[in-house]
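S.K.: The feature region 'Disordered' is assigned by Swiss-Prot to 1-21. Summarising the annotation, Swiss-Prot assigns topological domain 'Cytoplasmic' to 1-62, 107-145, 215-221, 305-317, 382-393, 452-462, 507-1120. Marked as phosphoserine by Swiss-Prot on the basis of a large-scale study or a structure entry: SER34, SER654, SER915, SER918. The annotation transmembrane segment is assigned in Swiss-Prot to 63-83, 86-106, 146-166, 194-214, 222-242, 284-304, 318-338, 361-381, 394-414, 431-451, 463-482, 488-506. Among the features that Swiss-Prot reports, topological domain 'Vacuolar' is placed at 167-193, 243-283, 339-360, 415-430, 483-487.
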Amino acid sequence: MVSRFYQIPGTHRPSSAISSSNESSSLLSARRISQTYFNYQATPECQKVSSKYDPDNPNKDKLGTYDGVFVPTALNVLSILMFLRFGFILGQLGIICTIGLLLLSYTINLLTTLSISAISTNGTVRGGGAYYMISRSLGPEFGGSIGLVFFLGQVFNAGMNAVGIIEPLLYNLGYSAQGEPPAALGELLPRGHWHEFTYATVILFLCFSVAFVGSQTVSRAGNILFLVLAASIFSIPLSALIRSPFTEGGISYTGPSWQTFHDNLLPHLTKGAAGSLLKGKETFNDLFGVFFPATAGIFAGAGMSSELRKPSKSIPKGTLWGLLFTFICYAVVVFSMGCSIPRRSLYDEVQIIQTISSVQWVIFMGEMATSLFSIIVGMLGAAYVLEAIAKDNIIPGLEIFAHSPLYSLIFTWILTQLCLFSDVNKIATFITMTFLMTFVVMNLACFLLGISSAPNFRPSFKYFNRYTTAIGALLSVVAMLIVDGISASVLFLAMILLFLFIHYFSPPKSWGDVSQSLIYHQVRKYLLRLRQDNIKYWRPQILLFVDNPRTSWNLIRFCNHLKKGGLYILGHVAVTADFPKQLNELKTQQKAWMKIRDMAAIKAFVQVGTGPSLIWGIRNVFIGSGLGGMKPNITVVGFFDLESYRKHIPQSRSQNNLQKQVEIKATVPRSTCSDVKINVPLPTDECKNETKVNVQQWVQIVEDLSLMQSNIAIAHGFKNLEIPNKRDSCFPKKTIDLYPIQMCGKVEAKGDQPAAITTNFDTYTLILQLAAILVTVPEWKRTHSLRVILFVEQEYHRTNETQRMKKLLQVLRIDAEVLVVSLDQFRVYNTIVKGDPIVFDYVNSKLADNEWWKDLVEARDTLKPKRRFSTIEPQTIAKQFTQSRKYTSGVQKLGVSFTMNTRMPTNRIDTPCESEDSDLDTDLTSIRDAFSASTNISVGKDLTTKSKTGSDRTNLLVKNLQSDVSTQSLRPVFSSNTLPRTRVVEDGTGEQPTLIPIAEPDLSNGNGTGSGIGNGNKLKKPVLPELSPCCSKDSLVTAMQNLGFNDLPSTAQHLVLNDVMTQMSKSSDLIFSTLPVPALGTHEDHDASLQYVEDLDIWLEGLPPCMLINSQTMTVTTAL
């Protein structure tokens, strides 16, 4: 079809010389035929060379598939039991059940052989056969335990053949006993117990000598013995065809007969048959236990793995062909005997096969051939297994067998010699158990490798899958229970004990095992399914930032206890501006911290992060830690090293005005536990030392963690913590004190949204939760108990607060003692709030550079009562009033309102000048009214603390986060409010909080101590606080009644808390309390950052080890 494009006006068709008329033609010229010159068919194929003649094969002189696997497997499976016990088993079970038993046994063998073939073709197989394959697949615990069991099975198999060979030997060459027919071939050997033991010993020693010469000699002997055995088996159906029927000495032979076949078709269990050792009637279980060893020699070829040229090829091929050959032989023998020998003859004669044979000496030679080779292979295979176990050094005490194969062969020979004291049937049952146990574990190994989907499990043998391996393992277990359930249970118990022994006493191995692949598969699967949305299953998942393990050793170990089955990550930051150059250093640090983890014996992951700065490194570690639902929910950071900071910066703001401190009489002494001394070199000693964090960086870390909604824990003084060990016990128990201090405010109404009371109930409960978790750790449970300490400002609140906390602890199922104290019992509080001068010097030294404190002191000095004289001049009164106004305004700017009480104390004697003082009383009343006015200060976004007078004492309106340090230092961070009432959501499921704090009606009182959260309507009206007895009462009452703990600036609050805790927790081992987080942007101002850190330092000074906690998530629930 011709394009219509050229029919548009203004277009023209290009000339034919430039363009082809075919518009769809390719822009490139057609490829010339001559350019395709490579012909793959002409490449000569590499000629296949047998491994026996391959000059590059270092094992070319070793055994191949036929002589190394097929012959040993055939000779070992075609056991002496075929000649000694097939007549007995066929007479009891009949042809159908015997063939069924044969099919069951060979099904187990075939499925196990498929597993052996798969594992052996997945890599290089060295000496040890089944042990080597299992140990490298399932690990040293499984390999060592099953290796010992398999070793004993091989030993008992050799012993069974050594004992079993005596019967045909005496039948053919022994002296005839009285009443018994003469020997078949000649009377040469005397009978008797010790004679028989001597014959077996001599035969065993001859077999040991052949095995001692070497595998090549065993191979040559095996080829000859295999031909003899094949001729012997071939003679059985041949005799059934050519020999005429006869009856001789109670033994009858009918030849091939349908009647005989019909009579022998079904089972007929009897007792007392020849070859039976049971006093009662035979059972299927006992017969299976005797029959199975006749088919269980499939590991004979695999046991020769160290002597094979190419084990991965020879083991599957030789074993499968050996199984097929032996199954045909057994089936032919069963049908030949079943259709030609009457059942009575099968009951009465053990050597019935030789008795009805046309060439009896051939049967005797076959019996000798299979027995001798089974003994040789059994001892040699067992010796190889023992040598392999010894070389792997997984069981202590076997090192001697690793030096020379001769030692393991001699030891195997001695153990086999001990088996000669037992009976064939008993040995056969034990061999069944050991072989079946080996089958179970071999199939299990292949099954686990298959389901683990390990990329490197790619066996060249493809005729297996997870179903064949699972069925093989299951059938093997069922077969064990069929034979003897008690023996199977005992063997399983022995396996478990061996497993545990190897697990705890064997040195670590670098083989790797399938458990790693399975763990990976399951972890990936369940990590994708893991959710953290249900509070019921909350657990601490800790990220601990550590710089130097020497200074944080106790904290590292403490967090390991605190995690209580949760996630634990050791985080470290390496600051680098040039990542490629520092990559090797990062790898070195990663390895070093992993060694630190192992030295500390903690269950933790290691996360080493990097960044151009410490802050970015912290962010990277936090964001990159964990996987899926296993992400850190608590970040632990050590407290800022303020002492080192002051040494390096002596002109810090805090030291410029630092005065001589006056110690309180009852302070907490320093812990008797010295700093942690680690006298051994640590792996991190060789790593690069990071620059010390500065105060602004430390505050920014806390801000960032809060911004990323992480629960934060600040650890202080943990170098003095004495961590209990497993052997410690203590009575009475030591104390862990909990101070769940409230930080609450009020969110102002905005539009349609009503005002709401806010509390730090999440932090409150997390403190209780972590402490409760810690005392469930066995080391802490035996040595420590919990104590919850609360404080209120008024004595009448104590009872109510105690009841609420006990109720909360009962709901949370936490066992702890509850103490509630009143702040007016403590000196620092009385000095700051009530003007008590008892520790004024100490408080003044701590608050010397605090403007709020200066103004308060000056206001109190101005309002200090003076003696009233009737001659007082009005000018003095006016001057005093003016000065009071001035300082009243100064204090008022700080958000503090005072209510002055003009009532005289009742115990004062009235002066005659009372009327003259009326004007002064009026003026002071004016001052009181002025002080009662509330003022605003910028401290937090839309947050206010509400006084109990009903007026807003501090209107917290933040318009700019970057307020100056003087303003920030005035912010109250704690509250003395009583514990909020809580409501339990009874139908909760754990997805949402089931314990909810209730905001109760706000009651006003006249003392301004608290916001009223948690106060019920039933509470009586508060009583005004009494004046300190140290205050002068000569004139007007000058107590500033509305000043309370909630009104104090942060520094003063921290000082009060320090006094409370030093008095209450002087003998405690550990303290948990609330962490006030800095406002966002605090780190941008050095003085504000330093003020925040110094406030915390004032609080924690002289205290036992403390952990300050801030939570942003609910961690407790009452849901089932």
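Glycine residues also receive a Cβ, built from the backbone N, Cα and C atoms like all the rest.
Note that this is a predicted model, so its numbers are computed, not measured.
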S.K.: Given the cut-off of 8 Å on Cβ pairs that are 6 or more apart in sequence, determine whether the transmembrane segment (318-338) and the transmembrane segment (361-381) share at least 3 such pairs.
M.R.: no
S.K.: Grab the same-chain neighbours of the transmembrane segment (86-106) for me: Cβ-Cβ under 8 Å, and only residues 6 or more beyond its ends, written as numbers and ranges.
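M.R.: Result: 261, 264-270, 273-276, 282, 284, 287-288, 290-292, 294-296, 323, 327, 330-331, 333-335, 337-339, 341, 343, 345-347, 349-353, 475, 479.
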S.K.: Using Cβ atoms and a strict cutoff of less than 8 Å, what residues sit near the transmembrane segment (194-214) while being 6 or more residues removed from its termini?
M.R.: 158, 162-163, 165-166, 169-170, 221, 371-372, 375-376, 379-380, 383, 406, 409, 413, 416-417, 420-421
S.K.: Would you say the transmembrane segment (431-451) and the transmembrane segment (146-166) are touching, if the rule is that at least three C-beta pairs must lie under 8 angstroms and be 6 or more residues apart?
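M.R.: Per Cβ check, the transmembrane segment (146-166) touches the transmembrane segment (431-451).
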S.K.: With the transmembrane segment (284-304) as the reference, which stretch in 63-83, 394-414, 431-451, 463-482, 488-506 has the largest tally of C-beta pairs below 8 Å?
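M.R.: The listed stretch sharing the most Cβ pairs with the transmembrane segment (284-304) is 63-83.
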S.K.: State, in range form, which of 63-83, 394-414, 463-482, 488-506 has the highest count of Cβ pairs under 8 Å to the transmembrane segment (361-381).
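M.R.: Maximum Cβ contact count belongs to 63-83.
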S.K.: Using DSSP, break the topological domain 'Cytoplasmic' (382-393) down into helix, strand and coil residues and give each count.
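M.R.: Summed by class, the stretch gives 11 helix, 0 strand, 1 coil.
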S.K.: Mean pLDDT across the topological domain 'Cytoplasmic' (507-1120), rounded to an integer, is what?
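M.R.: Per the prediction, mean pLDDT sits at 71 for the topological domain 'Cytoplasmic' (507-1120).
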S.K.: With the transmembrane segment (463-482) as the reference, find which of 63-83, 394-414, 431-451, 488-506 contributes the most Cβ pairs under 8 Å.
M.R.: 431-451
S.K.: How about long-range neighbours of the topological domain 'Vacuolar' (339-360): same chain, 6 or more residues beyond its ends, C-beta under 8 Å?
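M.R.: Sequence-distant neighbours of the topological domain 'Vacuolar' (339-360): 82-88, 90-91, 95, 167-168, 171-172, 184-185, 235-236, 238-240, 242-243, 250-258, 260-261, 263-264, 268, 270, 273-275, 333, 367.
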S.K.: Residues of the same chain, at least six outside the topological domain 'Cytoplasmic' (215-221), with any C-beta under 8 angstroms of its C-beta?
M.R.: 62-63, 67-68, 71, 304, 307, 373, 376-377, 380
S.K.: In the topological domain 'Cytoplasmic' (452-462), how many residues does DSSP put in helix, strand and coil?
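M.R.: Residue counts in helix, strand and coil order: 0 helix, 0 strand, 11 coil.
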S.K.: Going through 63-83, 431-451, 488-506 one by one, which has the most CB pairs that fall under 8 Å from the transmembrane segment (394-414)?
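M.R.: Maximum Cβ contact count belongs to 488-506.
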S.K.: By Cβ distance under 8 Å, which residues at least 6 away from the ends of the transmembrane segment (488-506) in the same chain are close to it?
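M.R.: Distant Cβ neighbours of the transmembrane segment (488-506) are 140-142, 144-146, 148-149, 393-396, 433-434, 437, 477, 480-481.
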S.K.: For the topological domain 'Vacuolar' (243-283), what are the DSSP-based totals of helix, strand and coil residues?
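M.R.: Its residues fall into 6 helix, 6 strand, 29 coil.
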S.K.: List, by number or range, the same-chain residues at least 6 past the topological domain 'Vacuolar' (415-430) whose CB is under 8 A from its CB atoms?
M.R.: 81, 84, 152-153, 155-156, 158-160, 162-164, 167, 197, 200-201, 204, 277, 286, 289-290, 293, 375, 378-379, 382, 483-484, 487
S.K.: Count the residues of the topological domain 'Vacuolar' (167-193) that DSSP assigns to helix (H, G, I), to strand (E, B) and to coil, and report the three numbers in that order.
M.R.: 8 helix, 2 strand, 17 coil
S.K.: Six or more residues out from either end of the topological domain 'Cytoplasmic' (382-393), which same-chain residues have a Cβ under 8 Å from its Cβ atoms?
M.R.: 126-132, 135, 140, 143-144, 147-148, 150-151, 154-155, 158, 211, 303-306, 399-402, 405, 408-409, 411-412, 415, 506-507, 509
